Amino acid sequence: MSTARPRFAPRAVLFDLDGTLLDTIADLAEAANRMLAELGRPPRPQDEIHRFVGKGIPNLVHRCLTEGSAASEAEIAAAVPVFRRHYTVVNGVHARLYPGVDATLQAMRARGLRLAVVTNKAAAFTLPLLERTGIAGYFDTVVSGDTLAVKKPDPAVLHLACARLGVSAGQALMIGDSANDALAAQGAGMPVLLVTYGYSEGMPVDTIECDGLLSSALQALDYIDPA
Ligand SMILES: O=C(O)COP(=O)(O)O
Ligand SMILES: [Mg+2]
């Protein structure tokens, strides 16, 4: 039995960054392990750090220091600038566009859709990364993890992106990889599609409520009515 695929007629598409547009795990893991080494702590395997990505850098650092080990709040606070110093150096070195992403962004622009990035990554890292990977020019606006005092899953960041794009939440479509994206979209009242290849904090992506699963970003085009 098959369920009909829903179709949407958005005027704007909001994209998550890490795990949706860009495969950034190698750089994040490198920075995390350089931080752990500097703090005299053992390294962690990349697939473990993979589960820690999704709620921004302070959360990633917190989990690197406290899962299976102990750290005081002061140690965690002191480690955040250490991570940021290392990530500044390695951000974008290994990061790659996922297959189909460039063609998807191009096709969406050709259809007249306005595009935004809404990421939990801090702005200091988001903008250089979009430049280094050659996709900055596709986006009309970028909302980062420290643009507001709240991040995804708080819908406020999606509302801000919509306001900057001049569309209502109901005229936008969110594309992400985690429950943070799905909950933010549902809170804002917009449909959400999730890619199955990203970072979902160890949660099987098909257990997260959403309007469709994508094994390639290109499949998003099948959910969008031509203008
Ligand atoms: O920085 C993170 O933790 C995740 O960033 P994202 O929101 O682009 O997936
Ligand atoms: Mg993500």
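Keep in mind that glycine also has a Cβ here, set from the backbone N, Cα and C atoms.
Automatic prediction, not curation, is the source of TrEMBL annotations.
Mg(2+) binding, as stated in TrEMBL, involves ASP16, ASP18; the candidate among ASP177, ASP206, ASP211, ASP222 given for that site is ASP177. Across the fold, the C-alpha of ASP177 (Mg(2+) binding site) and the C-alpha of ASP16 (active site, nucleophile) stand 7 Å from each other.
In the structure as shown, the Cβ atom of ASP177 (Mg(2+) binding site) sits within 10 Å of 27 other Cβ atoms. Apart from ASP16, ASP18, ASP177, the residues listed for Mg(2+), the same chain places the Cβ atoms of LEU17, GLY19, THR20, LEU21, GLY54, THR119, GLY176, SER178, ASP181, VAL195, GLY198, TYR199 within 8 Å of the centroid of those Cβ atoms.
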